[in-house]
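Undergrad: Structure in structure tokens, see below.
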């Protein structure tokens, strides 16, 4: 079994969580024995890979129209009908993937940073590693896009470029926080000492001079230092949380239409984003037909998930939490995000689909909150770019899955070898499954397809496909079984390489 935690969204995790606690954090067990490696992130990543493949298998076979509303789940996109139930459920499940990968990316940055620091890497070497990995993923994005579109699209960002940029940003931010926390802790100590010196009289309250024993004074100093470190660590976490919220809300603030479907076409046609693609690619979705640059995942639009991953990993590495505490923590965090999602629906707040749901469900209940007209309306999410509702529900789902995997005994986790093999070679899986699904899908459609009216992902005029759900699921399962030993072999190959090998990027 590969012992690295690498994928398109997260760097390697070489050690168990308890071993990665920091000596600078309060209440850290200094003499904690080596425990079994935490497998929950690997299992989650592997499961998300398989769920993502469900979505791509439907594209490869032209099984159904892409999207829960038979159109792109985009800012200001009118939805007039719903996809059939299986397609709706599969597509909704796949919404967990991109947020989960980006969240795991931020988590992996912290684990990698601590692991490499113990190997003697300094901040400059870590920063260089983050930059190189970002450049490699960007190069893979360009080459992969040219290959899969046969040169018709010069830059196809279908997630890897966003992961690359967010990885670099999260890595540099973690380095900055790690450095400034030490400075902040010392500043708090000096400020506190100055306040105490100014407020303390020359003698104690009883007027009795009683020098502290050396052991007592050392214990007091250690407790004070621990308090200062806790303060600086907490301030860093608060900053990450604020930045994550700002990063998701700027998708609302930068919306072309304010997240509202306009009635007047002229008003909807107005644009406020830059026309230059090199400026737009960072914050805005670029899906114009005929364009040579296609970007469905603007890096800055997805940054909030990476920042939450950094915050999550800082908390998880602060002390050796028990499995029960970790499980309950995941459940509580998931409930908070689920509550936020319900608020977005009931208060019609944080959505990029206001006035966009115009299905028969809304027509039958015109006076009702459109998100409450049906279950499909309630769970409809805007992904391009993610709005607050998408952010809240997908984070809740990923945290629930992490809670489930965390609650499993390590012996049970170790038996889920397919998920572990996919989760520890995820970038390799991503590229291999795309090639396999679309290449084999083209062959299957050519031999067994019929006219379905579902446009192809690369050629909208190609409406031939396979819409039999039994064939669809068998096709997906067969490709997963074929890729399993291949990914397992690659994982073993990768684990034999050095810590700075380019093969570990995949």
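Residue numbering: from 1, along the chain as shown.
Heads up, the Cβ atoms here are built off N, Cα and C, so glycines get one too.
Feature list, courtesy of TrEMBL:
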type	residues	note
COMPBIAS	22-32	compositional bias 'Basic and acidic residues'
REGION	1-32	region 'Disordered'
TRANSMEM	93-114	transmembrane segment
TRANSMEM	126-148	transmembrane segment
TRANSMEM	154-177	transmembrane segment
TRANSMEM	235-253	transmembrane segment
TRANSMEM	293-315	transmembrane segment
TRANSMEM	327-347	transmembrane segment
TRANSMEM	388-408	transmembrane segment
TRANSMEM	428-449	transmembrane segment
TRANSMEM	469-487	transmembrane segment
Undergrad: Any chance you could find the range in 126-148, 154-177, 293-315, 327-347 with the most Cβ pairs under 8 Å to the transmembrane segment (93-114)?
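TA: Result: 293-315.
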Undergrad: Do any residues, 6 or more residues outside the transmembrane segment (126-148), come within under 8 Å Cβ-to-Cβ of it, and if so which ones?
TA: 8, 11, 109, 113, 116-117, 154-158, 160-161, 163-165, 167-168, 171-172, 175, 294, 427, 431, 434-435, 438, 500, 502, 505
Undergrad: Taking residues 6+ outside the transmembrane segment (293-315), which of them lie with a CB under 8 Å of any CB in it?
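TA: That would be 10, 98-99, 102-111, 145, 153-159, 161-162, 164-167, 169-170, 173-174, 233, 236-237, 240-241, 243-245, 247-248, 250-251, 277, 280-287, 384-386, 391, 395.
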Undergrad: Can you work out which residues elsewhere in the same chain, 6+ from the ends of the transmembrane segment (428-449), have a Cβ less than 8 Å from its Cβ atoms?
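TA: Distal contacts: 7-8, 49, 52-53, 56-57, 59-62, 140, 144, 148, 160, 422, 464-466, 471, 475, 479, 482-483, 486-487, 490, 494, 506.
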Undergrad: Apart from its near flanks, which chain residues at least 6 from the ends of the transmembrane segment (154-177) lie with a Cβ under 8 angstroms of it?
TA: 8-9, 11, 98, 101-102, 105-106, 109-110, 113, 123, 126-127, 129-131, 133-138, 140-142, 144-146, 148, 236, 239-240, 281-282, 292-303, 305-307, 309-310, 430
Undergrad: Cβ under 8 Å, sequence separation of at least 6 from the ends of the transmembrane segment (469-487): give me the contacting residues as numbers and ranges.
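TA: Non-local partners: 50, 53-54, 57-58, 60-61, 63, 86, 418, 421-422, 425, 428-429, 432-433, 436-437, 440-441, 444, 448.
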